[in-house]
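Below you'll find the structure, written out as structure tokens, and then a few comments.
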Amino acid sequence: MATTGAEVPRVYGGAAGWISILIPVAIFAWLTQFLEPVAAGETVLLGVDWVPSMDIRLSLMIDGLSLTFALLISGIGALVTLYSTQYLGRHPEYPRFVLFLMLFMLGMLGLVLADNLIALFVFWEITTISSYLLIGFDSDSAKSRRSALQALLLTATGGLALLAGMIMLGAVAGSFELSVILGMGDEIRAHPLYLPILILFLAGAFTKSAQFPFHFWLPNAMAAPTPVSAYLHSATMVKAGVFLLARMNPALGGTEPWFWALVIAGGFTTVFASLLAVRQTDIKQVLAYTTLMALGALTLFIGAGTSDAIKAAMVFLVVHSLYKAALFLMIGLVDHETGTREVEELHGLARKMPVTFVAGALAAISMAGIPPLIGFIGKEFLYKAGLALDTAQLWVTGTIFAASVLMFVAAGISVARPFLGRLPDRLAGTHEGPAAMWIGPLTLGALGLVFGLSSDLAETWLVAPATWAVYGAETKVDLYLFREVNAAFLLSLATFAAGLVLYAAHRRLRAGMARAIEISPIRFDPAWDRLLDGLKALAAWQTGILQSGVLQRYMVTILATLAAAVAVTLWAQDALAPIEPGLAAQLAGLQLTHYAILGFICAGALLAAYTSSRMTAVAALGVVGVGVALIFIMFSAPDVAITQLLVETLTIVLVAVAMLKLPTLSLRTEARRPWHAALSVAVGGLVTLVLVGVLQGGLDRRLTDYFEAASWPEAYGRNIVNVILVDFRALDTFGEIAVVVIAALAAFALLRGTRTPRAGQEEGE
Amino acid sequence: MELLVAVMVGVMVAASVHLMLARNVLRFIFGLILISNAANLTIFAAGRLTPERPPLIPEGADAPAAQVANALPQALVLTAIVIGFGLFAFALTLVYRTYQTLGTLNSDEMRLAEPRGEDGS
């Protein structure tokens with residue numbers, strides 16, 4: 001808590017605090033160098049190859065849109081981090097907070113500046129994850145965790161849809177570079193995949209920017225610390241969806257589906273959210289819902305797509321970022337000093353917190369759209385653009401009128417209610433907050449005034465270049481406060497009148513809204529919970545089926561799948577040709593020894609499978625092993641045969657040693673299951689069929705011929721098999737040795753523990 | 001001969017599948033040994049069987065004099081035998097250690113990680 005109003009601004013939080021301020025300031029300073037070329041209509045491209053084999057470049061595209069966003073992100077970022085040093089500087093987890101906030105800021109900057117779609121997606125997900133971490137910053141609170149998870153699941157699901165859309169778009173355009181894609185709008189819009197791409201992009205943008213019906217995560221996200229709400233969930237991250245729409249407008253925009261999807265979702269969100277905003281009593285929640293309204297309005301006007309509409313959207317984007325961040329910071333400051341954000345408990349704070357009041361008032365006047373602040377210009381341009389539309393003129397203008405009236409009321413609730421009127425005794429001891437906390441809102445509020453009075457500043461450096469970038473062509477952008485009495489101006493006057501009337505009655509309005517919500521059957525949050533419960537039940541159900549924990553079932557599933565896949569493939573490929581006469585003719589030349597060996601191996605295998613005696617099984621396996629070695633000897637593989645005999649001996653020795661310690665094989669637990677036998681026969685038969693198929697085909701001897709020819713001249717070895725192992729494929733052999741060594745080490749580790757089975761427990765006690 | 005080996009490999013695979021479907025993990029290990037052998041024979045036979053002509057280059061010659069056995073599958077099988085042995089040795093140790101700890105070789109009773117639910121058979 002601040003002790004005196006005249007305290008020197010002090011940065012709490014130590015090094016972390018300083019770093020958190022300096023990074024955005026440095027980025028802001030670096031970005032200002034691009035103002036001039038971008039204002040002249042240039043697009044600056046910077047970049048390095050990242051994963052060249054996959055056509056992924058880490059490239060930056062700095063045009064009017066991305067520069068406006070980047071300046072807002074870094075500028076507001078600097079003010080918010082300064083504010084946070086005071087708000088959270090003494091929090092034990094403050095460095096963690098700074099880390100998350102910086103991660104978010106870099107992700108957000110990358111998102112807006114990226115020229116490559118894949119890079120854009122990666123940055124998009126970074127903002128999702130850092131938003132999750134920041135909403136859940138108060139990790140001891142179940143409500144925070146739930147809100148964080150809800151935001152993560154919704155926006156990440158949208159992110160996945162977006163990724164799919166991006167990959168399709170990249171395939172259609174033949175490039176992932178935005179600078180290429182944005183120039184191919186006509187080809188993309190004519191492509192049959194246009195509609196799926198559009199739907200996937202809209203899913204990503206609408207979830208991120210909390211458009212109806214995905215809106216409910218944003219008010220819940222207010223569980224985050226106030227600087228986070230001001231920064232992520234008002235000024236920057238939630239605008240990522242709007243940014244994406246604006247960015248893709250030259251490539252995807254201008255079609256009927258685009259127009260109606262954006263205009264309907266945006267318009268509905270606008271009215272719906274501004275009604276709910278008036279319903280709230282927690283001022284932070286009021287601001288959360290007005291943020292939704294602003295996002296809806298931006299979506300609406302980007303969808304409308306005329307050059308006037310884009311222009312209005314870009315003005316409103318700047319306007320909203322300035323006033324909304326200021327208001328969030330203001331209410332955080334009030335909360336910090338009084339301990340409450342409830343509108344019914346706060347009155348007359350203007351005398352106790354004059355600086356905060358000035359900052360809040362500037363922002364609120366801008367939000368209400370009263371001249372001479374830039375908010376007025378923003379509202380005028382929205383009206384003008386709406387009135388000039390050919391289609392949906394009434395819908396767009398009507399929703400914006402309704403929303404502007406309710407914005408006016410919400411501005412009154414957020415600032416006039418807490419700061420004006422009689423100071424209750426309970427708040428008599430309130431002081432002005434520390435400078436670090438009012439610098440941010442005051443700067444942002446004052447900027448709204450500066451941009452309003454000298455609108456050329458905002459026009460030249462921010463709005464005009466951003467409009468060109470979104471519209472895809474240079475158009476005339478001319479911002480002015482007042483020129484003539486026209487329809488838009490008259491609508492403004494009507495807005496103020498209606499706003500004043502409704503503000504006077506806002507408590508009755510709120511009560512009415514509360515009743516209306518009570519009787520409305522649709523509840524988003526409980527529906528969300530039911531959805532998650534259903535998902536969990538589904539997961540548990542399918543896990544119970546797939547992951548029974550019974551080894552036998554796993555084996556049956558795997559082997560039956562294998563058998564079915566092979567059988568279907570053999571049948572579908574018509575691979576079951578009759579046996580070639582040549583192959584069958586070989587049988588004639590066989591001697592008794594051949595039959596004897598084959599008979600012994602088969603008998604050994606079957607005996608091993610059916611005996612209930614361990615010793616018999618081991619002996620039968622030994623017969624099989626030796627028989628296989630004999631086959632190797634007969635068919636010209638002496639080295640293999642030697643190895644086989646050696647390994648066979650070792651195997652039997654190991655099994656015999658293990659027998660000393662293991663119990664006897666009890667067959668009583670093994671119920672004879674006929675389908676086990678059937679499955680065994682099926683798998684074995686299929687292996688035979690596949691092997692016969694392989695033997696019928698031609699043999700590709702190219703590698704063998706090479707090894708035979710190169711063995712002596714190149715490697716000076718006469719035993720070709722050995723040369724392959726130790727020379728041509730030496731690295732494979734090395735890997736094989738490594739596997740054996742690792743197996744030995746692992747076995748050693750397992751066995752070492754058995755000697756002192758109780759040692760660990762004793763140490764523990 | 002290849003045809004007979006193919007049939008025999010089928011018999012070996014069938015026997016090993018039957019062993020691997022057992023609850024007793026020692027039988028599972030036996031199945032593992034058997035199926036390794038079957039796999040090695042499959043690779044060997046797929047490279048065709050050539051009686052009594054090992055892939056060697058006689059003294060003084062630069063290449064084998066006549067058609068010799070296919071050296072490539074032999075090299076592969078040689079590697080596979082050793083790897084298979086490593087796998088077997090480790091699996092056997094694991095079975096042994098499991099028995100020490102859990103006192104059973106029945107895979108259904110090894111339920112530390114996946115406690116038996118209402119679904120267990």
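Backbone N, Cα and C define each Cβ position, glycine as well.
According to TrEMBL, the feature transmembrane segment maps to A:12-31, A:60-82, A:94-112, A:149-173, A:193-218, A:258-279, A:394-415, A:435-453, A:487-505, A:554-572, A:674-695, A:733-751 (among others). Residues annotated as domain 'NADH-Ubiquinone oxidoreductase (complex I) chain 5 N-terminal' in TrEMBL: A:52-97. Annotated domain 'NADH:quinone oxidoreductase/Mrp antiporter transmembrane' per TrEMBL: A:114-400, in sequence order. Among the features that TrEMBL reports, domain 'MrpA C-terminal/MbhD' is placed at A:600-663. Among the features that TrEMBL reports, domain 'MrpA C-terminal/MbhE' is placed at A:672-758.
In this chain, the transmembrane segment (A:60-82) lies apart from the transmembrane segment (A:674-695): fewer than three C-beta pairs between them fall below 8 angstroms, excluding pairs fewer than 6 positions apart.
In the predicted model, residues of the domain 'MrpA C-terminal/MbhE' (A:672-758) average a pLDDT of 87. Distant neighbours of the transmembrane segment (A:435-453): 7-12, 76, 79-80, 82-83, 85-87, 318-319, 322-323, 325-327, 329-330, 332-333, 336, 355-356, 358-363, 365-366, 371-377, 481; these residues of the same chain sit at least 6 beyond its ends, with a Cβ under 8 Å from one of its Cβ atoms. Between the transmembrane segment (A:94-112) and the transmembrane segment (A:12-31) there are at least 3 Cβ pairs closer than 8 Å, counting only pairs 6 or more residues apart in sequence, which means the two stretches are in contact.
Counted with DSSP, the domain 'MrpA C-terminal/MbhD' (A:600-663) comes out as 56 helix, 0 strand, 8 coil. Remote same-chain residues near the transmembrane segment (A:12-31) are listed as 67, 70-71, 73-75, 77-78, 81-82, 84-86, 88-90, 94-95, 98, 101-102, 105, 109, 436 (criterion: CB distance under 8 Å, separation of at least six residues from the stretch ends). According to DSSP, the secondary structure content of the domain 'MrpA C-terminal/MbhE' (A:672-758) in residues is 72 helix, 1 strand, 14 coil.
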